[in-house]
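Only one structure is covered here, and it is reproduced in the block below.
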Amino acid sequence: MSVLTKRRGEYKEREGKPEAEPKENHGVKDQTGVHDAGNKSEEHYRKNLPPWRFNLRQKFLPIVRWETEVLASMQKKVRTPWLDYYFAWSANLASHTFYVLCLPMFEWFGSSKIPRDLVYVLGLGIYVLGNLKDCMCLPRPRSPPLHRITMSEYTAQEYGFPSSHSANATAVTLICLWRLLEVKEQLTSSVLVCTLAFLILYYVSLIFGRLYCGMHGFIDVFAGTAIGVGLFLFRFLVGQKFDQWLLVPQDSSWWGLVLTPIFIIGGNLLLIHTHFEPVDDCPCFDDTVAFVGVLIGLDLSHWVACITGVVGRTNNFEDPMRINYDYNELGSLKTIARVIVGVTLIVTWKAIAKPIVFTLLPPIYKFVGVYVPRRSFKSTAFTKESLSRIRSQSISNIDVQQVGDINGLIKLVTSTQNSIDSVGPVNDIDYYEMLDYKNKHPEEPDSAIDMGPPTNSVFKPRYDVETVGRLIIYAGVATCTFWGFFYATQSLGLAC
């Protein structure tokens, strides 16, 4: 029995109900006597997507499939073990986890503009990209024939179009170039050239790496790059005016004090409310919620700093959002200590906040009877199950063990090539694409690939309380990054 046929039977079993026969019965029958899902995959999207989304998907799908053969041929010609490791590792420089851990560094070392620029282009980028991914529901290039070279199983769970890495890399590179050119007169020529060379290497590595690693096709990368440029232009053209409107004049009246936090929270919650719902188990929505939480925490923290002037009084620039830093005054040891303090604050907040939030919120939801009507969510108010943790496959699941797992890091560095090279479907998105392609190309034999046990039943259990909990946790991360770090360094003698 072929692996695909075996997996079809498993998949139907875990759906808990018999498959409806498609109108065109071109597929072979499996052991259950029901026509296989070769045609059902298209019906799956036709049935669950609005007509305009389904039709849009059908227009792009042939492009994704055509690209697969081109990418497989390219990958076969240029792959080497060294390049596999290089592009697998460099991909981490545009991952969500990297940004969550590294963006605070800019604030801790005396910058007030770059953190807001980067958080906004990345936060809004994750929202736009997640919406497009969940709207289009387009798979990644098919594997096989492609090898997927990645260190992140989480990234592979998402839809393919558009490329998040390409958008993030484009927006971040342009922001850094913009700010670098603003201060170029203050830099030596060697520092300027080295920085420019690093940015070029960073960008080329990430863009070409998406194609080399088999994670995206050309259309994914082009679309992601265009979105990254758009996000940069938005921040470049209206970012300063928006910040002044939102933060600076709001201490002029009581109305400003009341309405500004309402606008910050309400406006960001509106982004979540308008997010498209996918038809497969894709974590894009979870990522959007996490970054929206960061935006809420950052805006509220900077707004409080602007109306109180507490932080501005500690630096010579009278910048209300600038945490002062001077290497000549602090030296190397205190500089390193500041980083340790900052990272400890973030890790401690997440370690403490997660169990508290997800212990307190469910009974509150049950008592109040709150219901957030999202198709893929269960209402905590009406379930008998307890929920003390968030969904496992999410960037909000970075905890103390994962951050401090040195042995795991060493094992990852010294592991064999097989640890980052995979072939075959890894989730339901890939599975549906494999079946649909197999139906339309019946002359090709089944690939002898172990598809593993079923990973989910279309959707893992998800609860409305997760959204609010994740918002609270990530708003707290941004608050700890700014206010927690400011007061901690003042208390520990690590401030200028």
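Any Cβ shown, glycine's included, is placed from N, Cα and C.
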Range annotated as transmembrane segment - as stated in TrEMBL, picked from 288-311, 336-359: 288-311
Averaged pLDDT score, the domain 'Phosphatidic acid phosphatase type 2/haloperoxidase' (115-236): 89
Folded-back contacts onto the transmembrane segment (118-138), same chain, C-beta under 8 angstroms, at least six residues removed: 45, 49, 53, 56-57, 60-61, 64, 96, 99, 103, 106, 158-162, 164, 167-168, 171-172, 175, 223-224, 227-228, 231-232, 234-235, 239, 271, 275-280, 282, 284-285, 287-288, 291-292, 294-295, 298, 429, 478
Closest-packing stretch to the transmembrane segment (83-106), where packing means Cβ pairs under 8 Å, from 187-204, 211-234, 254-276, 288-311: 211-234
Structural state census, the domain 'Phosphatidic acid phosphatase type 2/haloperoxidase' (115-236) (DSSP three-state): 90 helix, 2 strand, 30 coil
Residues from the same chain, set at least six apart from the ends of the transmembrane segment (211-234), whose C-beta lies under 8 A from its own: 60, 63-64, 67-68, 70-72, 74-75, 78-79, 83, 87-88, 91, 121, 124-125, 128-129, 132, 140-141, 143, 146-150, 155-156, 160-171, 174-175, 178
